[in-house]
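Here the structure is laid out as structure tokens; the discussion comes afterwards.
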Amino acid sequence: MNKTKRIEILTRLREQNPHPTTELQYNSPFELLIAVILSAQATDKGVNKATEKLFPVANTPQAILDLGLDGLKSYIKTIGLFNSKAENIIKTCRDLIEKHNGEVPENREALEALAGVGRKTANVVLNTAFGHPTIAVDTHIFRVCNRTNFAAGKDVVKVEEKLLKVVPNEFKVDVHHWLILHGRYTCIARKPRCGSCIIEDLCEYKEKVEF
């Protein structure tokens, strides 16, 4: 795909959604961090159902530590892998207090040193909480980038590298949200909704479907 097409795609996505953000509900960098840890192999909707009960009770590292492991599990037991996620969250809260004065660090190395936080989670927090031009590639973004040929790559790291290379700076802060929402609601895994897609004429997918 050439540069002109990419810029037109980004322009249309921006016109459709000028101020995109995550569908996870949060009111602080810490709440976002916990929500993103919980979202691995889970839906944002499922995470929001759990955190809307958890956060009014515990939305700081110390408050979650005060809940204890079993107390935390009682709030997140509807989410897949809740046992391991609870253990990671407890460890992360302890580290935030001991190493970061209870605050979420604004750098990748410190974030990725936290339990349950990998590159993708760190990218989401840096981008969404702090406005960094990072791009977290999940299954939706991976599919959209390869299917449309916007930024094809054999794995998520390659797609991330390609996106950082081909997306102009003015679009970098928002492109993660545009692509994830496009993949979640239009360019879905099975039977993509090509007929209602605002970038259908620019997409290079050879098996477009009319829906």
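The backbone N, Cα and C atoms fix where each Cβ goes, and this holds for glycine too.
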From CYS145, CYS187, the one annotated by Swiss-Prot with CYS194, CYS197, CYS203 for [4Fe-4S] cluster: CYS187
Long-range neighbours of the domain 'HhH' (108-127), counting only residues six or more past its ends (CB under 8 A): 22, 29, 32-33, 36-37, 40, 84-85, 87-89, 91-92, 95-96, 99-100, 133-138, 156-157, 160, 173, 176
Assigned conformation of CYS203 ([4Fe-4S] cluster binding site) - DSSP reduced to three states: coil
Number of helical, extended and coil residues in the domain 'HhH' (108-127), per DSSP: 14 helix, 0 strand, 6 coil
